[in-house]
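One structure is given below, represented as structure tokens, and several questions about it will come after.
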């Protein structure tokens, strides 16, 4: 039984030796190309922790941008906006976001035989949820007072936003389509707005959630870019071979 490639194999040739400069240039994802993603992820993650620490130092007094934004939201609340906000509240958290979406995407990736992509997705979802709970416990920020939905303790960071950002980044990487990135960005922004509209989070909480989701997506990509890209390339090669095969069973162009 063939052994699946590991992330370390990404920087080695077929004989297990280090790649030559010529091979590295032709190789889809080398360590040098993964390094920027790793550095960016660490910077974004540090920014999330730094923002949480800054808010914790301020204590119960939210920064001016939080107070002003919340005042605007409360002043302009309208049933027209409440309905979509409640919808985002439902799909972005609870059993749907914790079980249905992660397990559904995982199942699809396994069915289409992309185990490395499935591993990337599973690790990103787990890491995002874990980091959110860690920061909530670490900083213990109080939520706004005028809340329209039931929430658990801990305002920073926004778990709904972190979950949305993780989904957007990972699916954007895996599907590699511009429209996926655009829809993902729209979904994240809408989730951020809905969390503040419902009074469940301060604006800076949603920013923290965004940073967590982006950091987790980049960290997972830095770790698994090699096997995920090889897996994707094998599927492309197989599809091209099937299309080019002129035999009756090849399914290709006649």
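Every residue number used here counts from 1 along the chain in the order it is shown.
Using the three backbone atoms N, Cα and C, a Cβ is placed for every residue, glycine included.
Copying in the features that TrEMBL gives for the protein in this structure:
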DOMAIN    117-221  domain 'Phosphatidic acid phosphatase type 2/haloperoxidase'
REGION    1-28  region 'Disordered'
TRANSMEM  37-57  transmembrane segment
TRANSMEM  86-112  transmembrane segment
TRANSMEM  118-139  transmembrane segment
TRANSMEM  179-198  transmembrane segment
TRANSMEM  210-228  transmembrane segment
From the DSSP assignment alone, can you count helix, strand and coil residues within the domain 'Phosphatidic acid phosphatase type 2/haloperoxidase' (117-221)?
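Taking the domain 'Phosphatidic acid phosphatase type 2/haloperoxidase' (117-221) as a whole: 79 helix, 0 strand, 26 coil.
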Average pLDDT across the domain 'Phosphatidic acid phosphatase type 2/haloperoxidase' (117-221)?
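Mean model confidence (pLDDT) across the domain 'Phosphatidic acid phosphatase type 2/haloperoxidase' (117-221) is 95.
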